[in-house]
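Working notes, beginning with the structure itself.
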């Protein structure tokens, strides 16, 4: 049995992760995020209709609503939270005798929850507000600045106002990263079997990419939580004074839109997961290799 070692999160790795996260969000990440939110908030729209609606809100710039400052704040902080939390939990899980899959699941779940409550709650709330509130211009309502919306939400309900849907975010992140890390570890086993690699031998970048992308796609089974999160944070109808719970929101969506409504936006979300993996696996390794020269 190989020695169990804790994955170290050095300052350089954290800075690299933050930089790559910012690049991912500022390039293709935010357009996929906006498309996903648009489809989840408007569940009768096809993808083509969703893209047309986004384009009507400023052309290409419509795909970057919520990027500054909310997506940048989220991108620059969530990686560090996940790395620290998941590394500790996976290490102690293995120390307590858990297998790689189980320890990976616990590490991912804990890291996802930490992300949600530390930084992602108010960031996702404001990003969703930016995408959904833009439609107010078509109905003749006043279009406020992003910080004015933030102030109004805070004035209405304080910290809870700017963290609407945070429990749904936590559940989504918990199940998403729990599934992704557990499935990644699980999928590494057949890859090692077919390539003849032992447990002590590290997988190649391509092999890890295949395992990560496959795990990311399979992790979209929790899309109902994402649709519920968008519904809870949406400002399509203005600032809501009531705050329905997660299950109440899911049941309402199911009643009005059926099972398909709970999986709206799954395709762009799968694309987002694949792109994030490409950036954080391939580009990260390329940058590390370049800096090591």
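Including glycine, each Cβ sits where the backbone N, Cα and C put it.
Summarising the annotation, Swiss-Prot assigns repeat 'Solcar 1' to 9-91.
Swiss-Prot lists 102-190 with the feature repeat 'Solcar 2'.
Per Swiss-Prot, the feature repeat 'Solcar 3' maps to 203-290.
What Swiss-Prot records for 15-35 (among others) is transmembrane segment, and it gives sequence analysis as the kind of evidence.
Residues or ranges marked as transmembrane segment by Swiss-Prot on the basis of sequence analysis: 53-73 (among others). Sequence-distant contacts of the transmembrane segment (53-73), counting only residues of its own chain at least 6 positions beyond either end whose CB sits under 8 Å from a CB of the stretch, comprise 22, 25-26, 29-31, 33-35, 38, 42, 45, 119, 122-123, 126-131, 134-135, 137, 146.
Sequence-remote contacts of a segment are chain residues at least 6 beyond its ends whose Cβ falls under 8 Å from one of its Cβ atoms, and for the transmembrane segment (96-114) they are 81-83, 85-87, 89-90, 170, 172-182, 184-186, 188. The feature transmembrane segment is assigned by Swiss-Prot to 96-114 (among others), with sequence analysis given as support.
Below 8 angstroms of C-beta separation, residues 82, 86, 90, 100-113, 115-117, 120-121, 124, 203, 207-208, 210-212, 214-216, 218-219, 221-222, 225-226, 229, 246 of the same chain, each at least six residues beyond the ends of the transmembrane segment (169-189), sit close to that stretch. The annotation transmembrane segment is assigned in Swiss-Prot to 169-189 (among others).
Tertiary neighbourhood of the transmembrane segment (208-228): same-chain residues 36, 40, 43, 165, 168, 171-172, 175-176, 179-184, 187-188, 191, 246, 249-250, 253, 261-266, 269-270, 273-274, 276-278, 281-282, selected by CB-CB distance under 8 Å and a gap of 6+ residues from either end. Under the heading transmembrane segment, Swiss-Prot lists 208-228 (among others), citing sequence analysis as support.
For 262-283 (among others), the entry in Swiss-Prot reads transmembrane segment.
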Self-check item: Residues of the parent chain within Cβ reach of the transmembrane segment (262-283), under 8 Å, 6 or more residues beyond its termini
Solution: 17, 20-21, 23-24, 28-29, 32-33, 35-40, 43, 47, 205, 208-209, 212-213, 216-217, 219-220, 223-224, 226-228, 230, 250, 253-254
Practice problem: Pull the DSSP breakdown for the repeat 'Solcar 2' (102-190) and write it out as helix, strand, coil residue counts. | Solution: 79 helix, 0 strand, 10 coil
Exercise. By DSSP assignment, list the helix, strand and coil residue numbers for the repeat 'Solcar 3' (203-290), in that order.
Key: 70 helix, 0 strand, 18 coil
